[in-house]
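Handing you a structure now.
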Amino acid sequence: MASALKDQGNKAFQAKDYDKAVELFSKAIDLEPENFVLWSNRSAAKAAKKQYSAALEDAEKCISVNPSWSKGYARKGAALHGLRRYDEAIDAYESGLRLEDNPALRRGIKEVLDAKAGSEELPPGFKKSPEAPSSPPPQPQASTSKPAEPAPAPAQEQEDVEMEDAEEAKAKKEAEAEKKAGSEAYKARDFEKAAAHFSKAWEIWPKDITFLTNLGAVYFEQSEYDKCIEACEKAVEEGRSLRADYKLVSKALGRIGTAYARKSDLTTAIKYYQKSLTEHRTSDILNKLRETERAQAEAARLAYIDPEKASQAREEGNAHFKAGDFVGAVKAYTEAIKRDPQDPRGYNNRANAYTKLVALPEALKDAEEAIKIDPKFVKAYIRKSHVLYVMRDYTKAIEAVEQAADHDAERKHSREIQEQVIKCQQALFSQREGENEEETLQRAMRDPEVAGIMSDPIMQSILQQAQSDPAALQDHMKNPSVREKIMKLINAGIIKTR
């Protein structure tokens with residue numbers, strides 16, 4: 001809304017409807033009192049109406065809001081010129097020049113000096129007005145010389161604006177040319193040259209923060225991450241003052257985050273990614289944030305690993321388990337897993353505790369994770385079989401314990417394995433008792449693995465052959481893959497053994 005009022009005020013000013021311009025700028029100021037440009041514009045409009053005292057007040061306000069903006073001092077100088085406070089006007093223009101070597105400021109000083117020189121030639125009896133000069137009074141009769149003309153008021157603000165616009169357009173064009181040259185050097189990976197061009201662009205026309213973000217990109221490619229951060233932080237700071245597009249500010253913040261990520265300062269990188277997303281949400285920065293958060297979590301996880309403390313936690317879990325405190329056991333075993341996630345014993349022990357708590361899906365998942373970590377860990381296969389038994393999936397329980405037997409090369413667990421096989425087979429027999437062949441087939445086909453085997457054309461051919469030649473089945477079982485499938489069908493009750 002304030003921006004629209006400002007644009008309307010500018011149009012009124014250009015049409016020399018200064019009353020309307022003052023009215024529109026005033027409304028805009030009510031909405032955005034911290035917008036220094038609005039105070040500057042209203043000062044210009046009031047000066048055009050020769051209301052120099054009011055123009056000075058607005059110029060002073062403009063400077064108080066943004067002391068680093070040279071144009072505010074130009075407005076102050078023009079108002080003081082109109083009030084014929086020439087020395088103060090020169091001081092104001094010189095204050096602006098200390099911030100920026102601007103032709104408009106130099107021209108303002110020259111106009112004040114010319115006006116001051118002219119005023120010193122005025123004859124006695126000529127009165128100076130604090131506001132716009134009025135017609136001089138009649139000359140005293142004793143004087144025969146013609147009175148000097150009053151010092152001219154400042155050049156029309158309209159003319160100043162037009163000249164400033166032309167100079168600014170020229171500076172902008174030169175800066176854009178430097179930016180284009182910098183982009184071409186960047187693409188050619190001539191980073192030193194690119195940095196020089198982007199720096200020059202900002203020096204010529206410090207009103208486009210893309211010059212700074214591009215400079216930051218150059219430093220990033222050179223692995224000069226601190227310089228990249230510095231350039232982009234300046235872009236953010238200047239962008240706030242210039243009221244730059246929030247998308248550009250967001251991009252600068254995102255680049256700072258990426259630089260910190262490269263410096264392995266993930267916490268600060270996350271902070272700047274979040275700031276970037278607050279300004280403008282993009283999938284690129286969002287993905288970088290998530291990736292960095294995952295990296296930070298992984299770094300914390302790796303830093304937490306300590307096999308010695310894992311052993312202590314596992315022993316603590318064993319003590320809780322023996323005392324019947326299965327919840328406490330799960331907690332201790334979980335700590336052991338965090339301290340040493342590559343030790344399958346933590347998962348296997350927690351699976352046992354979960355089984356006691358009848359948290360069977362969690363128990364099965366832990367047993368399978370233990371097997372994944374160490375495929376030769378016999379106890380994990382036995383634990384999996386126990387969990388499946390409790391889940392009343394006797395066929396899979398038998399398969400799991402058979403896998404345990406396959407990996408028990410030294411037969412250290414043969415007795416436990418045999419007992420588990422017998423227990424599972426008895427339960428399976430009891431489950432199938434009273435079933436006819438059709439019911440057995442229907443139950444077995446509810447298992448996706450069994451259904452997949454039965455729909456396999458090769459297995460269908462083997463089963464058809466076995467019906468006429470049972471001995472052929474033994475030959476086929478010499479193939480490990482076929483043997484595994486046949487055992488699956490036997491355990492499911494589809495293939496009967498005698």
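Glycine too: its Cβ is placed from the backbone N, Cα and C atoms.
Pulled the feature table from TrEMBL, pasting it below:
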- 2-35: repeat 'TPR' (REPEAT)
- 70-103: repeat 'TPR' (REPEAT)
- 116-184: region 'Disordered' (REGION)
- 157-167: compositional bias 'Acidic residues' (COMPBIAS)
- 168-184: compositional bias 'Basic and acidic residues' (COMPBIAS)
- 175-208: repeat 'TPR' (REPEAT)
- 250-283: repeat 'TPR' (REPEAT)
- 310-343: repeat 'TPR' (REPEAT)
- 344-377: repeat 'TPR' (REPEAT)
- 447-486: domain 'STI1' (DOMAIN)
Same-chain Cβ contacts of the domain 'STI1' (447-486) under 8 Å, 6 or more residues past its ends?
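That would be 395-396, 492, 494-495.
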Against which stretches of its own chain does the repeat 'TPR' (344-377) lie, if we need a Cβ under 8 Å and a gap of at least six residues from its ends?
310, 313-314, 317-318, 321, 326-327, 329-330, 333-334, 336-337, 383-384, 386-388, 390-391, 407
Do any residues, 6 or more residues outside the repeat 'TPR' (175-208), come within under 8 Å Cβ-to-Cβ of it, and if so which ones?
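Hits for the repeat 'TPR' (175-208): 168, 214-215, 217-219, 221-222, 238, 242.
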With DSSP, how much of the repeat 'TPR' (70-103) is helix, how much strand and how much coil, in residues?
28 helix, 0 strand, 6 coil
Report the DSSP secondary-structure composition of the compositional bias 'Basic and acidic residues' (168-184) as helix, strand and coil residue counts.
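The counts are 17 helix, 0 strand, 0 coil.
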Within the repeat 'TPR' (250-283), what mean pLDDT does the predicted structure show?
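When the pLDDT values over the repeat 'TPR' (250-283) are averaged, the result is 96.
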Using DSSP, how many residues of the domain 'STI1' (447-486) fall into helix, strand and coil, respectively?
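Computed counts for the domain 'STI1' (447-486) are 32 helix, 0 strand, 8 coil.
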